[in-house]
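Per Swiss-Prot, these features apply:
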type	residues	note
BINDING	Gly18, Gly19, Val20, Ala21, Thr22, Gly23, Lys24, Ser25	ATP binding site
DOMAIN	13-218	domain 'DPCK'
Amino acid sequence: MWLDWFFPIEMLVVGLSGGVATGKSTVSSVFRAHGVPIIDADQVARQVVVPGTSTYNRLRKEFGDEYFDDEHGGVLRRDKLGKLIFSNPEKRKALNGITHPAIRWEMFKQFLTLLITGTKYIVFDTPLLFESGYDKWIGTTIVVWCDFEQEVERMVTRDNISRADAESRIHAQMDIEEKKKRAKIVIDNNGNIDELREKVKHVIAQLDKSWKPYIFRVAFGIILGVVPYYFFKYIRS
């Protein structure tokens, strides 16, 4: 990881990922309830494709008017586009190529803002932590997982979709076992929600004890001068 030069970032920046329906949102909500700032990639992804943005215009040119609801301000029809990209790897690649640079840049701006305000550490909540290469500049990574059958059942219930659609969306992402191998912290969510919350609280307690974020404050001036240069090169590559 090219940010390993600045080892305090190992604990200052925490990457949170998981499967499509493994409980990542619940984990994120526990962090937020404990006052930890969250940079939510899904939320940012919605911001960068609002009508009128350059990313929106590129998507409309790439996928056509049928994926946009002109009766409601021209907003992106996410469900319809989702069905396309989860069944078509080439279209998924095209979507990612258009949206990911804009998402990375917006997340980085939020990251710098939070650093300036003096937060202890930050959580990047992103389902594509490893697929998008975000783990290259995030030291501490957390993956929340559950068994495949549980994930399918949760998706069918939550999203009101067929089992086939649920399985297709799960298989479109990196295998959860591979994510677990790459993660520094793995949270098992095969139990109930109260058990999950207790596990997250334990992780938060571990992070709170870290001394690295405080060292980062001393090195912040140097980092602020160097990191944007390399990160800008990365997101534009």
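Just so you know, glycine gets a Cβ as well, placed from its N, Cα and C.
Taking the mean position of the Cβ atoms of Gly18, Gly19, Val20, Ala21, Thr22, Gly23, Lys24, Ser25 as the ATP site, the remaining residues of that chain whose Cβ falls within 8 Å of it are Pro127, Val144, Trp145, Cys146, Glu151, Arg154, Asn189. Look at Ser25 (ATP binding site): DSSP puts it in a helix. For Gly23 (ATP binding site), the same-chain residues 6+ apart in sequence whose C-beta sits under 8 angstroms from its C-beta are Val144, Cys146, Ile187, Asn189, Ile193, Leu196.
In the structure shown, across all protein chains, Gly18 is the one of the binding-site residues Gly18, Gly19 with the greatest number of other Cβ atoms within 10 Å. Over the domain 'DPCK' (13-218), the average per-residue pLDDT in this prediction is 90.
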